[in-house]
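Novice: What Swiss-Prot shows for this protein is this:
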- 1-35: topological domain 'Cytoplasmic' (TOPO_DOM)
- 1-25: region 'Disordered' (REGION)
- 36-56: transmembrane segment (TRANSMEM)
- 57-78: topological domain 'Extracellular' (TOPO_DOM)
- 79-99: transmembrane segment (TRANSMEM)
- 100-118: topological domain 'Cytoplasmic' (TOPO_DOM)
- 119-139: transmembrane segment (TRANSMEM)
- 140-161: topological domain 'Extracellular' (TOPO_DOM)
- 162-182: transmembrane segment (TRANSMEM)
- 183-193: topological domain 'Cytoplasmic' (TOPO_DOM)
Amino acid sequence: MASPQNTSQKRFFQANSPGGMPTASQSQRSRILAQITLRFLAIAFTVTAIPVMITAKEPVSLLGLAITPSYKQSSAMKFLLGVNATVFAFTALSMLFVWPLRRSGSKPINYFFLHLHDMVMTLLLISGCAAATAVGYLSQYGQPETYWSPICDIVKKFCHQMLISTVLSYLAFFCYLALNILSVHKLMSRATE
């Protein structure tokens, strides 16, 4: 027997029919729409972050030497670029697998594999973002203890573009975090049915 609190929690996440009663098809449609929207946003954020990072260059002359900083000079930035490309490709592929889930007879194992995919993409994104954030912090503030000087006061445009690319990657991460929450909710609701 379901408790009143349990029933109200289920209703909170379900859409209601015109008569006020929740329907499975409306709830299913809203979940699929949320999945597609979040995946589309993740694609948009990652595909935008890639060219922003690739085009980040600012030639500067230091002590008579011409230097052009680029993402290629930082393994963390190359890693983030690779992560963004990977997440973009796998998210585009995952859109093909979300569409069949709209049927009410979908097997729970399909949701599990999609959730597993979402977890791997989330972990990739947060690791790439963390690496880029560490390098960005050192570029902005330096580390006096090890005599690393900040460079962002010299190459402001380059640092600004790297920041934009990293922020876009973080936005893709938050999309995947929301996808994970949706997946867990779906798996939990199926387990209690």
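Cβ atoms here come from the backbone N, Cα and C positions, even for glycine.
Note that this is a predicted model, so its numbers are computed, not measured.
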Novice: Need a quick answer: max count of Cβ pairs under 8 Å to the transmembrane segment (119-139), which of 36-56, 79-99, 162-182 is it?
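Specialist: Stretch with maximum Cβ contacts: 162-182.
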Novice: Could you give the mean pLDDT over the topological domain 'Cytoplasmic' (183-193), rounded to a whole number?
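Specialist: Averaged over the topological domain 'Cytoplasmic' (183-193), the predicted model reaches a pLDDT of 71.
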Novice: Who are the long-range neighbours of the topological domain 'Extracellular' (140-161) in its own chain, taking Cβ under 8 Å and residues 6 or more past its ends?
Specialist: 52-53, 55-58, 60, 62, 69
